[in-house]
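Novice: I am attaching a structure below and will ask some questions about it afterwards.
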Amino acid sequence: MTQILPSTETNQPLLYPHNNSNPTITSMDVQDSPRKSYWRCSKQDFFPEPSFKDLSSYRTALFQICPRLKDRLLSRSTETHELVTLRRESENPMQKCLTWWDLMWMSFGSVVGSGIFVITGQEARYNAGPAIVLSYALSGFSALLSVFCYTEFAVEIPAAGGSFSYLRVELGDFIAYLAAGNILLEAVIGAAGLGRSWSSYFASMINSKNPDFLRIKIDSFADGFNLLDPLAVVVLLVANSIAMSGTKRTSFLNWIASIATAFIIAFIIVVGFIHFKSSNLVPYFPEGAEGVFVSAAVVYWAYTGFDMVATMAEETKNPSKDIPIGLVGSMSIITVVYCLMALALTGMVKYTEIDPNAAYSVAFAQIGMNWASYLVSICALKGMTTSLMVGSLGQGRYTTQIARSHMIPPWFARVHPKTGTPINATLLTTILSAIVAFFSSLDVLSSVFSICTLLIFMLLAVALLVRRYYVKDVTSKNDSVTFFVSLFTIVGSSIGVTALWNSGVRGWIGYVVASVIWCSGTLGISLLHKHRVPKVWGVPLVPWLPSLSIAMNVFLLGSLDYKAFLRFIICSAVMILYYLMVGVHATYDVAHQNPKETEAEEGR
């Protein structure tokens with residue numbers, strides 16, 4: 001029996017099974033038809049929607065692009081649709097096998113990669129000096145604000161799509177599609193970059209004079225694409241194969257490797273403080289406050305990766321307890337660890353003597369511990385390996401939820417009945433990242449900066465404010481106007497501060513005015529009535545913390561160069577073209593299928 005309950009969480013009634021306020025999906029829900037081969041492959045498996053039935057149907061659909069696009073822009077998904085209906089596309093359920101302990105170490109393994117060993121030396125030497133500790137603290141605080149937003153959404157909407165599902169519910173299909181497409185692109189490029197870095201690091205341990213000696217040079221290829229890297233491809237295939245074999249197995253291997261890394265990091269910190277000299281911290285601000293903020297924008301990338309862990313909510317045993325402890329707890333610890341590592345480095349070696357390319361290895365050599373440099377290399381290799389494994393898990397689940405919505409062929413949404421993992425989706429991201437890693441050099445990959453990560457973090461903060469204060473057809477007209485004016489005020493003042501900083505203006509008047517405008521916008525939202533209150537766990541100090549998250553992410557976005565925005569514009573244009581040709585028609589057909597059929601599916 002199905003019970004229709006009025007929802008305070010979405011714009012439409014939610015359909016929940018009787019006497020169960022937390023809808024879940026079981027193997028019986030997704031396996032109510034005879035077992036089919038997982039590897040079947042036909043046109044119906046890729047394009048089952050009526051718009052792609054034949055050429056005539058597709059031609060008719062193309063003539064309806066404008067009304068269909070308008071429909072998709074104005075409509076939003078519901079929590080029940082993301083949690084119940086879409087999961088039926090996977091045919092088999094993912095296994096609920098993760099606890100807060102697993103999530104904590106997965107976050108640690110995903111975030112603590114090679115970045116801390118590379119970025120710290122570069123920024124301490126050229127920008128922040130000993131104040132690199134403050135740069136890590138500022139970036140860690142900004143990342144923690146985003147973690148808060150992720151955590152509330154993951155508890156309330158524990159779907160595999162992560163930010164894609166959250167944005168789809170609050171801001172609509174189109175914004176969610178652009179965000180998901182760009183973050184998948186970043187994930188593929190990031191995985192390829194990690195594979196190339198792993199190869200370079202391993203080669204330098206064998207032959208420090210030639211980190212490319214394991215690569216195959218093809219003179220006829222263009223520069224940047226003429227060093228073929230088969231080892232990077234092997235590393236990617238191994239890491240992704242582990243991820244496809246089972247979530248719990250990957251979590252266990254990550255836990256073992258991360259425990260070893262934790263001991264190595266503890267060793268680095270202890271040795272650093274034993275050889276600590278306070279005179280090395282003078283001057284503390286060699287480049288002033290500007291150097292600290294510039295470094296904060298750069299070292300922020302050492303914190304990225306936790307968003308992939310949020311996609312594991314569907315496989316978490318108790319999301320309301322495990323996700324807050326796992327994500328917030330791990331990121332708090334990681335921030336402290338990063339600050340301690342940065343302080344140990346700058347206290348052990350004068351910042352002007354830090355090697356920007358191998359800071360910790362050279363620092364140990366300078367104090368007569370050459371053997372310890374191998375520990376740093378092993379730790380970096382381990383960090384890259386676990387980042388690849390956890391990243392593969394997240395990429396596969398992002399792709400799965402996107403395929404469930406039919407924005408890409410639903411063939412990629414299938415979950416394997418034995419492993420309980422989305423093998424098709426993981427294979428897609430694995431093959432793409434392996435091809436990119438095989439041909440593209442690190443300098444080519446590094447030129448493709450990640451603008452989408454910060455943009456999604458900002459959009460999630462906006463979505464959280466929308467979730468709390470605005471419900472379509474429920475919020476009064478006056479409150480709606482106040483909310484959106486205040487929201488635009490927050491974003492506008494944040495852009496103003498960023499523009500002032502990037503233009504070189506350092507007078508206090510402009511910043512004070514922009515800050516007052518930001519406070520007025522946030523205060524305007526705080527005076528409104530909250531239409532939604534989280535059931536279990538929520539972001540504290542709303543709207544102030546989400547508003548601060550918007551400001552900090554806009555500021556960090558402003559630190560990126562024009563190449564990042566150019567890449568974003570080009571990639572978004574390609575994605576929009578695909579959406580107009582395929583995605584909008586597929587999602588329109590799914591959204592407008594027989595209402596009775598949809599109700600029956602959600603009821604089940």
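Backbone N, Cα and C define each Cβ position, glycine as well.
In case it helps, TrEMBL gives these features for our protein:
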DOMAIN    537-586  domain 'Cationic amino acid transporter C-terminal'
REGION    1-30  region 'Disordered'
TRANSMEM  98-119  transmembrane segment
TRANSMEM  131-154  transmembrane segment
TRANSMEM  174-195  transmembrane segment
TRANSMEM  252-274  transmembrane segment
TRANSMEM  281-303  transmembrane segment
TRANSMEM  323-345  transmembrane segment
TRANSMEM  423-442  transmembrane segment
TRANSMEM  448-469  transmembrane segment
TRANSMEM  481-502  transmembrane segment
TRANSMEM  508-529  transmembrane segment
TRANSMEM  536-558  transmembrane segment
TRANSMEM  564-588  transmembrane segment
Novice: Using a Cβ distance cut-off of under 8 Å, indicate which of 174-195, 252-274, 281-303, 423-442, 481-502 has the most pairs with the transmembrane segment (448-469).
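Specialist: Out of the listed stretches, 174-195 contacts the transmembrane segment (448-469) most.
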Novice: Per DSSP, how many helix, strand and coil residues does the domain 'Cationic amino acid transporter C-terminal' (537-586) have?
Specialist: 39 helix, 0 strand, 11 coil
Novice: Short question: which residues 6 or more past the ends of the transmembrane segment (481-502) have a Cβ under 8 Å from it?
Specialist: 293, 462, 465, 469-470, 475, 510-511, 514-515, 517-518, 520-522, 524-525, 527-528, 547, 550-551, 554-555, 557-559
